[in-house]
C-alpha cells in the first residue's frame, strides 16, 4: 500500500516553514504578488505590539481613510438613486498616492456641492414659506378690512398638499402651519418674537398695504423660479459627478482593499534596521515552492531592486496549518466537513468519502424520483448559469444554493436512483420495469389491494414491487425492509470510519492506537452489530421466519439456550457465545493497556533506559500529534487514564446509539397519500413549497448529523487550523 500513489484530498498538503528576507524596495510588490497566489500564510512576528506600534500603521490608516471616502461615495450614489457600474470601464492603473489625491478632490467637490445645494434649498424653503405666509395673511387682512385689532390670534391654518415645503431628495417634507399675530406696542412685539424663537417658528413681516404685498409676492415668486432653475442645474451637475465616480467605484474599492491587505501583511513582518530589509516567516505547501520563487523573482525585477529576495526553508516545532486543494466540485463537500472542524494536519479527510456518502444517505431518506427530478432541474439551472451567477451579488439563500449546486446535483441523481428502488413517483408506484410478480388467484380478487394475491412469476425486476402499495401487508413489509437496510448502511459506514482510524494511526506511526484502539473497536462493533447485519442478509437470502429481535436479546440474556425456530444456520449458538466473549474482552482491551504502556514508556525515558536519535522538527511532523504530546509535555497518568476511559465508554455506548441513529434513514420515509386526494393546484403547491423544500431540508440535516456524529467521530479529530 505504501507504493500506491497518494489520493487527492485524502490528506492535507505537505507544508514547509519558510523565511523570506525582502529588501524594503521590493516588499510591497513581493507581498502583493504572493497575495495573488494565495499559497503563503504569514506568521505575525509583531504579535506583542499594538496596531499603532507597527511599522506600516500610517499606510493602514490612509487605506482606512480612503475606505471611508469610498463608503461616502457609495452612500451618496445610493441616495441619488444612481447605480454604480458592476463592470467598470478599463482605465490605466493608478498608484495609491494618486488615487488618494483623486478621492480627496472628489470628496471635497461633493461636500462643497452638498453644502451649496443645502444653502440654496434652505433659501428656497424660506422664500416658499414667505410666499405662503403672504397668501394666507393677505387674504385675512383683505377680509378683515381696516378695523383695528388690539391683540388677536388667528386660528391655525394647516397647509394643503400644495403648501408642503419641498425639500427635494435631500431632506424629508415638513408640514408647517401659518399663523398671524396682531399686537400693540414694542414690548408686546419683543415678547412675541421670543416666544416664536423658543418654538422654532420663522416669522415674516407682512405689510398692510395690498399693493406692497402683491409687489413682494411677485418678487418672491421670481426669486423662487430662479432658485428652482439653479437647484435643478446643481442636482444635474452633482449626479454627473456621482456617475463619473460610480464608473470606477468597484475598481477603487477593490484596489483599496487590496492595498490595505498588503500593508496589514507587511505589518506582520520584522524590520531589520542594519540590513534595511524585512524578515517574514510563514507556511506554504511544498508543491508551491517553484511558484512562490517565481513570484518573488518577478517582484525583484519589477521593483528594479539590486538585491534579490532570499527564500529559506526552516524547521519548525509547531504543527503546520491544514490546506486542501479543492475545485468548484469538491469545495462544497470540503466546507461541509470544515463546518464540523478543520482537519488536523495530514489526518484522513472525510470529504473524500462525503462526496458520495452524503448525497447517498440523503437520497435514502428523500427517495422519490419525482421529487428527485425537481431537484435535478434546479441543480442543472444553477450549473448552466454558474458563469453568470458567479459574477453577481446574490442573497444569502441563493448564495448557499449556488455554492452547493454540485451537492444538489448528486443528491438529485441519488434521489432518482433510490426513488426507482422504492418505486415512488410523487408517492405513486408505477410498473416501470415490467409486470408485477403477483396476480389475483381468482376472479373475486378484482384489485391488487386485498388478500388473494399469489406469486406467479420471478420477482419484480428492479426495486419494490408496485403491488405492495395499498396492500394490507404494505406497512410491515416496507418498515422491515427499510429498517434492516438502514442498519446495514449504518454498520458499513461506522466500519469504514474505524478502518480510517487505522490508516490515521498507521500514517502517524502510532502502533499503540492500532493495537489498543483500532483492533478492539473493530472487534466490538462487528461482534454485535456486524453479526446482526450478517443475520439480516442470511434471513433475506433464505426467506427464514426467524425473529431477529429474539435472537439478539437472548444472545445477552441466555447465550447457551437453544435457538429453536430462530436458528438461521448451523453453529449459530456457539458462534454467538464466541462473539459475546470477544465483545466483553474488547472493552477492557480498549480501556487499560494504552495508559499503562504510555506510563511505562515515559518512566523508561526519564530513567535513561531507552535512547534514540534526537528527532528534528520535520520528523516530528510525521508522528501522531497525540503521541508526541505525551513525550513533550509533563505526563499525567490520571489525566491520560480518564481520557482513555471516557473514549472507551463513549465508543461502547456510541456503538449502540449510533446504530440506532441510522434508523432515521427508515423513519423519515413516509406515505403522503392524503396529498393525492386534493386538487391538482393544491398538490403542486404542497409538492413544490412544502414537501419538496421541507423534506429536502429535513433529509439534509439528518444526513449532516450522520456524517458529523456517527461517521466522523470514529477517526476525525477536526482540531486543526
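The backbone N, Cα and C atoms fix where each Cβ goes, glycine too.
Automated prediction, rather than curation, is the source of TrEMBL annotations.
The annotation coiled coil is assigned in TrEMBL to 89-123. Per TrEMBL, the feature transmembrane segment maps to 358-383, 404-422, 485-505, 517-538, 575-592, 673-694.
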Long-range Cβ neighbours of the transmembrane segment (575-592) (under 8 Å; 6 or more residues past either end): 516-517, 519-521, 523-524, 527-528, 531, 555-556, 559-560, 644-645, 647-648, 651-652
Confidence summary (mean pLDDT) of the coiled coil (89-123): 86
Surrounding residues of the transmembrane segment (485-505) on its own chain - C-beta under 8 Å, 6+ positions past either end: 347-348, 350, 353, 357, 361, 364, 511, 513-514, 517-518, 521-522, 525-526, 529-530, 532-533, 536-537, 624, 655, 658-659, 661-666, 706, 710-716
Residue numbers, six or more beyond the limits of the transmembrane segment (404-422), whose CB comes under 8 Å of its CB atoms: 328-329, 332-333, 336, 355-356, 358-360, 362-364, 366-373, 375-376, 378-380, 382-383, 386, 432, 462-464, 669, 700
